[in-house]
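Novice: Mind looking over this structure? Questions follow.
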Number of protein chains: 2
Amino acid sequence: MSHPISTQNSDAAFIVDWAAHSAFGAVPGTSGVDRQAASAADGAQRAWFAELLTGRGFTVHRDEIGNQFGLLELVPGAPYVLTGSHMDSQPTAGRFDGAYGVMASAYACFRVADELRAAPEGARFNLAVVNWFNEEGSRFKPSMMGSSVFTGKLGLAEALATPDPRGATVAEALGELGELGAGPVFGAASGRSVASYAEVHVQQGRSMEEDGVTIGLVNATWAAHKFEFRVSGEQAHSGSTLMAERRDALLGAARLVVAARELVDEFEPGVLHTACGELNVYPNSPVVVASEARLLLDLRSPDAAVIRAAHASLMETVARVEREDRVTIEVIAEHAWDQNPYPEDGVELARAVAAELGLTHDRVMTVAGHDSTNMKDQVPTVMLFVPSVDGVSHNLAEYTRDEDLLAGIAHLTGVVRRLAAGALTAG
Amino acid sequence: MSHPISTQNSDAAFIVDWAAHSAFGAVPGTSGVDRQAASAADGAQRAWFAELLTGRGFTVHRDEIGNQFGLLELVPGAPYVLTGSHMDSQPTAGRFDGAYGVMASAYACFRVADELRAAPEGARFNLAVVNWFNEEGSRFKPSMMGSSVFTGKLGLAEALATPDPRGATVAEALGELGELGAGPVFGAASGRSVASYAEVHVQQGRSMEEDGVTIGLVNATWAAHKFEFRVSGEQAHSGSTLMAERRDALLGAARLVVAARELVDEFEPGVLHTACGELNVYPNSPVVVASEARLLLDLRSPDAAVIRAAHASLMETVARVEREDRVTIEVIAEHAWDQNPYPEDGVELARAVAAELGLTHDRVMTVAGHDSTNMKDQVPTVMLFVPSVDGVSHNLAEYTRDEDLLAGIAHLTGVVRRLAAGALTAG
C-alpha cells in the first residue's frame, strides 16, 4: 500500500518546523534550550504549537493541569488515538528530549489525518496529539506531573498547589500563561476517551547507536528507588568551634554523595546506577557549620535484587555517618518501583511496523521514566526510541541526526495508522 | 578614683536597652536573630540605635558604605576614640555576636562622656561609636565589608556593586534603607580622624568559660587559608548515563568536603580547623548530573606551618579527585593570612584595666576575624572578649550571662576612658 504525504507534511516541512520549534528557549551560543515548565519560553512555544495544530485542522484544548492537546475528530463520538510527549526541558538541556516526541507525534497525526481524510472509511478512531505538562520536574516536583494527574496517579489540587523554588505555584504559573484549562479534555465529563497511546523519545543512552539500531522497541523500565534525605546537624561558627564538637550537616550529606558512587563498585559493572543531582544546604553561609542539608539520591537497576542489596548497603552507611559524624539522617520522601514491563502486544506492533519499513530495530529497556510509563497502565501503549549521538542527555549538546528523526516519524506514522485502524484495542 | 554612673547609663538601663535591641530580627520561638546586612530588620535596628545615640547627645552619621557612627565632639577638632562592632547577623544567629559589642561600646562612651562633661579638662580626644556594615558576609561577600572599605583594604566601588543571591547590590539595599551616606565620616575630606580603636566581642569558643576568665585580652588571630573552589563536570542524565562516562561535579565537591574533615586527623588534635559551610550546585536538578559545583573551604590554625602542610595535602587530594572522577577543579578565589598579632601595648592596657577592676583575665587568640583585625593595622587597637556559654556561636542558642555582659562594659569603659585621655597615642 502507498500513503501519499502532502507537501505540507513532508520530511522537508518537518525539518523547517523543527528548526523553528527549537528556537523557543534556545540558549545563545549552544544548540540547546532552557524551557522549564510554565516558563515564558514554554508559553511562547505552546502558542506557536497551537498555531501549527490549528493550521492542520486540529482544535487546540488544554486541561486543568495544563496538558496541551490537538484534537481531530474524524469519527464523531469515537475514542482517540493519543500520541505525544513533553516540550518542557531541564534548566539547560538538549532540544530533542521530549520536544522531538511532540513534534514527531504532530507530524505522524498530520500524515495519518491526510490519509484518513482521503479514505474516511478506514478511520475507526479519532486522532489527538498531546504536549504533557512538566515531565521534567526541575521547576515543579514531581516529574511527569501532567500525565500523572491525567492518569489519576497524582491529585489535581496537590499538583496545582506545588510551588517552585521562588514560591510561585503551578496554578499561578499556568494561569499567567493562559495555559490552565477549565476542566478535563478527556474522561467521562468531556465525552471523549483514549483508545491507545504512542510515544517516541530520543534514547538517553548510547546502546542503540553502538548496536546500529534505528528504532528502539521499549519493553521495560528499570527498577528504581529514589530517596530524599534530610541530614540534620547544628549551626556553629565554622572557624572557632572545636572539630570534635561539630555536628556538620553538609559533611554528613557529602559522605552520602560519595557513598552513593562507591556503592556501584559493590556490584557487577553496569547493573547499578546511582546519582545525587540536587543538594541544598542551610544556612549555606561561609562561616557557619550547616545545620541542615537535603539531597536527592537515586538507585536504578534492571534487576530488583540489585536495588534491594544496594538499599541495604546504603542504610548501613547512613547509620555509620549518623554515629561517626553526630548528625541525624532521615528519609523524608521515597519512591520506588520494580522493573516495569511495557505491554508485549505494543512491542510486537512496533516491531512489525519497523520490519515493514525496513528499519533496523531491537528491544531496549528505558532507564529514565517517560509519560508513557503512566499511560501504559491505563491504555494499550507503544513506546519507541530513536538513537542519540554518544547518548548525551540532559545536556545542551544532546544531538540526534536528521535521518533518525525522520525515520522515527515514519515509524510512528505507521504505528498511529495501525492504532487508528483499531490495532491493540479489543473488539 | 571613682566614676559615678548616671541612672540613664546604669547597668539596669543597659539590660533594658539590650532586651529592646535584641527584638530586631528576633526569630520567633528562639532567643536568636535573623538580621542580615541591609535587611529590613537591620534598617529598623539602625533607626532605633540612632535614636539611642541622639538621646545621649551624640550626632549620627553614616558613611558611603553604610557604616553607622555616633559622634560626640568634646574637644573641637581633636581626633576620635572609636569603639564598636557590628549589628548584622548570620541568617539564623545568636543575639550577642557583634551586637553586644556595639551596645557595650555605646554604653562605654555614654559613661565616659558623662565623666568628661563633668570634668572637661580631662578630655584629650572625642568619642565615637561605630556599627560596622556587613561584618558577617552572609548576604554580601566578603565579610568585614564596612571596616575593609573604611581602612582602604577593599575598594568602595567594588563593595557597592556586590550583589546578594537575588541580584540586589549593596548600594541598592543600603539606598532603600536610607543608610547609604554621601561620603566619608572620617578622613582628610571630613576633617575628622581616628586616634585609637577598641572592640569587645563574645568569644566564639569555650576556652575562657572553661578557664574561669571574664575578660579575654586578644593578642593574635589564627592563621587561615580560605579557598573558593569551582568543580566542573558535564551535565548528563543521572539515570541513564553509564557511571564510567559521568563527570559529576557534585561528586567531586563532596569528595573535597569529606577530605577537608579527614585532613584534620593528619595533625595533632586542635591545631587545625577545617570547614565547608557553603556549597552551590548547578543545575541542581533531580535527574541531572551536576555540571558545576562551587564551595568555600577554610583551613585555620594557630600555626602557619600547619596551614602550609594542610594546604599541600589538600592540593594532592584535588589532583586525585580530578584524575579519578574526571572533573576539573579550580581555585577561583583564595585569601590567606599568617598568624596575626594584635599590638602588645593594647593588650597591656587591657590587662591593666582588668587588674584595676579586679576582673579575671587572660591572653587569648581569636580564630574568627573581627573588624578590629582591619583597624589594628591602622591605629592603636584594643580587642576584648567576654565568655560565651559552651562556646556556642553562629547559632540561635548563643548565650552570654548578664554578669559577663556588664563586666565587659565596665572593662571597655575603663579602656575608652584611658584612650580618651591619650593612652596608646604618641605625644
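For all residues, glycine too, the Cβ spot is worked out from N, Cα and C.
Nobody curates TrEMBL annotations by hand; they come from automatic prediction.
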Novice: TrEMBL records A:D97, A:H394 as Zn(2+) 2-binding residues. Which of A:E64, A:E136, A:E348, A:E356 is assigned to the same site?
Specialist: A:E136
Novice: Which of A:H21, A:H201, A:H225 does TrEMBL put in the same Zn(2+) 1 site as A:H86, A:D97?
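Specialist: TrEMBL names A:H201 for this Zn(2+) 1 site.
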Novice: Measuring Cα to Cα, how far is A:D97 (Zn(2+) 1 binding site) from A:H394 (Zn(2+) 2 binding site) in Å?
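Specialist: Here the two Cα atoms lie 8 Å apart.
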Novice: For chain B, give the subset of the binding-site residues A:H86, A:H201, A:H394 whose C-beta is less than 8 angstroms from one of that chain's C-beta atoms, in sequence order, otherwise 'none'.
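Specialist: So the ones by chain B are A:H394.
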Novice: Tell me which of the binding-site residues A:H201, A:H394 sits in the most Cβ-dense spot, judged by other Cβ atoms within 10 Å.
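Specialist: Comparing the binding-site residues A:H201, A:H394, the most crowded Cβ belongs to A:H394.
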Novice: Show, in sequence order, which residues other than A:H86, A:D97, A:H201 on the same chain lie with their Cβ within 8 Å of the centre of the Cβ atoms of the Zn(2+) 1 site.
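Specialist: Going along the sequence, the neighbours come out as A:S85, A:F96, A:G98, A:A99, A:Y100, A:G101, A:E135, A:V202, A:H370.
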Novice: Relative to the Cβ of A:H86 (Zn(2+) 1 binding site), which residues of the same chain, six or more apart in sequence, are found under 8 Å away?
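Specialist: Long-range Cβ contacts: A:G98, A:A99, A:G101, A:V102, A:N131, A:W132, A:F133, A:N134, A:E135, A:E136, A:G146, A:D371.
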Novice: Fill in the CA-CA distance, A:H201 (Zn(2+) 1 binding site) to A:H394 (Zn(2+) 2 binding site), as an integer in Å.
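Specialist: With the alpha carbons as reference points, the distance is 13 Å.
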Novice: What residue among the binding-site residues A:D97, A:E136 has the most other CB atoms lying within 10 A of its CB?
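Specialist: When each Cβ's neighbours within 10 Å are tallied, A:D97 leads.
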